[in-house]
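Asks: According to TrEMBL, the domain 'Aminoglycoside phosphotransferase' annotation covers 32-277. Annotation source TrEMBL lists ATP binding site at N40, K57, E110, D111, L112, D246, A247, E248. Residues annotated as substrate binding site in TrEMBL: D229, R345.
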Amino acid sequence: MGNYKPLTKREAIEYVKQVQGIFSDNADLECEEIGDGNLNLVFHICDKNSDQSIIIKQALDHVRIVESWPLTKERVRFEYKAMDIQDKLTNGMVPKVYKFDEELALIVMEDLSDMTVMRKGLIAGEKYPHFADQISTFLSKTIFYTSDLYLDPKEKKEKVKEFINPELCKITEDLVFTDPYYDAETNNINPELRPYLENEFWKKNELRKEVTILKEKFMTKAQSLIHGDLHTGSIFINQEAIKVFDAEFAFYGPSGFDIGAVIGNLILNYASWTGKKVSREFKNDYRNYLLETIKNIWNEFEMKFRSFWDKDAHEVIKAVDGYQDAYLTQLLQDSIGMGGCKTMRRCIGLAHVEDLDGIEDLKKRAEAQIFALKIGEAMVIRRKKLNSIEDFIKIVQKITNQEDA
């Protein structure tokens, strides 16, 4: 990447003019930098004559919120290759890619600004009745068909090598599995939350031990090609479709991490209503919707995963009586445990979520954060006793009843 440089808006326009098959020669292009993430520049380029538009996503060589934190730009290659695999497996549940430029560390892709980032929809109290079906399709196909259950062992090991992504994995290892569990410098802490952390949360040795067990699994279990950052801010949605984006954290890791990321982010939204001025009826109804969505995501995932297994798993695997049930029970427990880690880190760690940080009253925000931390803790500590998603839903309901008492 010897000729790498971050593009300006003018340079982004000039660049996209050279990409064949997107804009006509007489296009009147305007560009806006719309990135709100920490790792990339995102340019929205629109033709004023036709309203046709595209996105350029370019990797930065540092973290925006910590400029002294350097990053390699190679992650764009991981993102592009992961998107290509996800696109083929899910029949287009990711943005269409027009060009990948390794030297400039950028991807030119479909503009999906007519859809909503799911996190924003959930904060607004929107319901998405097809989401569980859609995301369970994405998860079941990407997890099963990139795993040893389906792939030739040699091909699988080549894929693992191809997706070794140590730099972004290190971010997850630190920010999800390490820093939130002590008073780390990187943590971003609501001052109203700090007394709870110092007096209770950081003293939970059993929790820290179990999180470390999950961290070791994240670091060593190359089970399938995972997205690696599949939160509700990485999903575009409307009432008909979803598109999963931002796959730069992709690598071969534990299959439960992506499932857990989705569930954990729904739990964050669930907890956030504690601190918001809404009616009890609305809060109860929306929380019931979120729990029903979580239940349906897992149950539909499991049904689809079992059907892929029965149809396409290696015969030697199919022949082992009881293995499918054992595999899925372990996957459920991994998913809930890792989802708990994803929930807790967003209350304490470097990068928060708008679901909670949108609560302006810091005391109310702390109440919602403590509620989320209690659910996240239970997800980790009690995961090994789970035999069904309904077991997990009951745990959340019990903690909720205690909070509301």
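Even glycines carry a Cβ here, placed using N, Cα and C.
No curator has checked TrEMBL annotations; they are predicted automatically.
These figures come from a predicted structure and were not determined experimentally.
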Asks: How far is it from E110 (ATP binding site) to D229 (substrate binding site), counting Cα to Cα, in Å?
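Replies: That comes out at 20 Å between the alpha carbons.
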Asks: Does DSSP put E248 (ATP binding site) in a helix, in a strand, or in coil?
Replies: coil
Asks: If you count Cβ atoms within 10 Å of each one, which of the binding-site residues D111, D229 comes out on top?
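Replies: Result for the most crowded candidate: D229.
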Asks: Sort the binding-site residues N40, L112, D246 by C-alpha distance from R345 (substrate binding site) and give me just the closest.
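Replies: Minimum Cα distance from R345 (substrate binding site) across N40, L112, D246 lands on D246.
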Asks: Please report how many Å separate the Cα atom of D229 (substrate binding site) from that of D111 (ATP binding site), as a whole number.
Replies: 20
Asks: Restricting to the chain of K57 (ATP binding site) and a gap of 6 or more, list residues whose Cβ falls under 8 Å of its Cβ, or answer none.
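Replies: Same-chain residues close to K57 (ATP binding site) (Cβ under 8 Å, separated by 6 or more) are G35, N40, L41, V42, F43, V76, L106, I107, M109.
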Asks: State the three-class DSSP label for R345 (substrate binding site), counting H, G and I as helix, E and B as strand, and everything else as coil.
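Replies: For R345 (substrate binding site) - judged by DSSP and reduced to three states - the answer is helix.
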Asks: By a 10 A CB contact count over all chains shown, which of the binding-site residues listed here is most packed: L112, A247?
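Replies: The residue with the densest Cβ neighbourhood is A247.
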Asks: Summarise the model confidence on the domain 'Aminoglycoside phosphotransferase' (32-277) as a single mean pLDDT, whole number.
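Replies: Looking only at the domain 'Aminoglycoside phosphotransferase' (32-277), pLDDT averages out to 96.
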